[in-house]
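Features reported for this protein in Swiss-Prot:
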type	residues	note
BINDING	Asn51, Asp93, Lys112, Phe138	ATP binding site
MOD_RES	Lys112	N6-(2-hydroxyisobutyryl)lysine
REGION	227-285	region 'Disordered'
COMPBIAS	247-258	compositional bias 'Basic and acidic residues'
MOD_RES	Ser263	phosphoserine
Amino acid sequence: MPEETQTQDQPMEEEEVETFAFQAEIAQLMSLIINTFYSNKEIFLRELISNSSDALDKIWYESLTDPSKLDSGKELHINLIPNKQDQTLTIVDTGIGMTKADLINNLGTIAKSGTKAFMEALQAGADISMIGQFGVSFYSAYLVAEKVTVITKHNDDEQYAWESSAGGSFTVRTDTGERMGRGTKVILHLKEDQTEYLEEQRIKEIVKKHSQLIGYPITLFVEKECDKEVSDDETEEKEDKEEEKEKEEKESKDKPEIEDVGSDEEEEKKDGDKKKKKTKEKYIDQEELNKTKPIWTRNPDDITNEEYGEFCKNLTNDWEDHLAVKHFSVEGQLEFRALLFVP
């Protein structure tokens, strides 16, 4: 483990924050990503979702031999949470998570074998979208974020938080915030000119374009408003009831019981006079974005013509039925499965 560049003496009750320097090649890569203009910055979301999918694959594979691995969370999913007020976009998965050592090594101090090769490719004019092929896709977050916070929980370790504004160093600390059963939360603090990635339609567009066939559900959480009709005096309802109760108690002591035959009519008239007004009420809307599943992985005998048709329409945005489909696989030195549609 690398030596810390800073030691902070703090009281035991405060969080201990450790600061580490980025490995030289990673620092150069981040500088290149931040300071070079790229038109297709949207690929950051594809890469982070792909990382989440890989983490979910890992915990799923481990659970095949040890089902108790999922005791910290049975559901395997990815959530996308835009927050316009805080100007953050959060990607949450219930994957394998990272230990403290994973955070330090994987996100900064040990360069991947493809780091240098990717930098050379970028400088030679390669497209930034190739970043995932070189094992450094996490750093694509800095295409749109000025600061990134990673909160993670692995079954074998405590919950930790990693944070960096790409200034040559990053911090790691024990996280005492909201508890995670298991998984990773990547919080992107977006740049002022990148807030388009907080818009519901923009996120849906990117997921459909790049991540539609991810094997785990991707759910978008969006805060919305709806109109709620309330009466003018609804907010004062409690006070009115208390006053009425006090009045009734006082009258019951001072007067004999007399039936008021006109009280019902007066009450009905009073209710009819109450005016209604509309107020805005906020709620969180949840929508699964990748309902189209990779049907080529299934047995062709189990797939109906309707399922083939729905898959083709979602993939091509065509409203007409396809003419024919061929679903086949090849096994040998090279193995693959394929779907061939004739429109």
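The chain as shown is numbered from 1 upward.
Placement of Cβ uses the backbone N, Cα and C atoms for every residue, glycine included.
Recorded features from Swiss-Prot, shown on the structure.
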residue : record           : Cβ contacts under 8 Å, 6 or more apart
Asn51   : ATP binding site : Ser137, Phe138
Asp93   : ATP binding site : Ser52, Ser53, Ala55, Leu56, His77, Ile78, Asn79, Gly183, Thr184, Tyr216
Lys112  : ATP binding site : Phe134, Gly135, Val136
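Secondary structure from DSSP puts Lys112 (ATP binding site) in coil.
There are 20 other CB atoms within 10 A of the CB of Phe138 (ATP binding site), with all protein chains counted. According to DSSP, Asp93 (ATP binding site) sits within a strand segment.
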